[in-house]
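Asker: One structure coming up, written as structure tokens, with questions to follow.
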Amino acid sequence: MNNILSEEVLNVTDFTTSRQLALWKREDLQSPQLDDVAEEVPVALVYNGISHVVMMASPKDLTHFAMGFSLSEGIIDSPREIYGMDVVPSCNGLEVQIDLSSRRFMGLKARRRALAGRTGCGVCGVEQLNDIGKPVQPLPFSQTFNLGNLDRALKHLNDFQPTGKLTGCTHAAAWVMPSGELAGGHEDVGRHVALDKLLGRRATEGEEWRQGAALVSSRASYEMVQKSAMCGVEILFAVSAATTLAVDVAERCNLTLVGFCKPGRATIYTHPQRLIAD
């Protein structure tokens, strides 16, 4: 297995496909011309030789995705419990082959169920609706964020969406430092996958990534709140709205949830005590 921080083995340098498409502009159906379309491929996460889940995703940053998914789904508690990863082609997509510690693999097998994911779905494969909510330890109140610094982050969020700029087809998730500077970010055709990539990246970065908040370009679903809380993220900013279940989960696990983030304004759903307004 490769070191978990090494480059992925696939030489994937282009995450769009050019296709002949007809364009309509003000009652004029133009001749087909080349346009960019985002790639979306099945990605299987395979733990110690056993396929656990297949998600539809953009074919990049997949080791970060696998790390973030493993943490946010409670498969592992620490990056040290994954000994290595390889990304390899499979018949119709890609596999991330994960070398998981024996103790964690036994736990995974004990709870394993048929789980087939798809973009934007957090319930797929869950046997009982009561199993949707995962037990999450209430978050501490150790973080604060000055809302006056949010504008800077919003201005640069699309810097982490190069494929999105070409296709208009990706979501972004970025880590916002207390200063408003973006430490890093990831994009994907699936908003949950983009967040998992960010959470996986954060888990393997240095101490500077412990301070700050997550920012997503999409709405905030209950699953995104739950994933953030599972990884110790205390503040989640979303460009769009939050759902009722997301608000309920955020309230219960002490996560500060903020939606409709625009320059100079935002809607604070839960736990505003972490936020400073200049």
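Positions of Cβ are set from backbone N, Cα and C atoms, glycine also.
The active site, cysteine persulfide intermediate feature in Swiss-Prot is assigned to Cys121; the stated evidence is sequence analysis. Sequence annotations record features per position, and here Swiss-Prot assigns Mo-bis(molybdopterin guanine dinucleotide) binding site to Phe260, Cys261, Lys262, Pro263, Gly264, Arg265.
Each of the listed features needs to be described in terms of its position in the shown structure.
Answerer: Within its own chain, Lys262 (Mo-bis(molybdopterin guanine dinucleotide) binding site) has Leu154, Val239 as residues 6 or more apart in sequence whose C-beta sits under 8 angstroms from its own.
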Asker: Using the CB centroid of Phe260, Cys261, Lys262, Pro263, Gly264, Arg265 as the Mo-bis(molybdopterin guanine dinucleotide) site centre, which other residues of the same chain sit with their CB within 8 A?
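Answerer: Apart from the listed residues, the neighbours are Leu150, Asp151, Leu154, Ala266.
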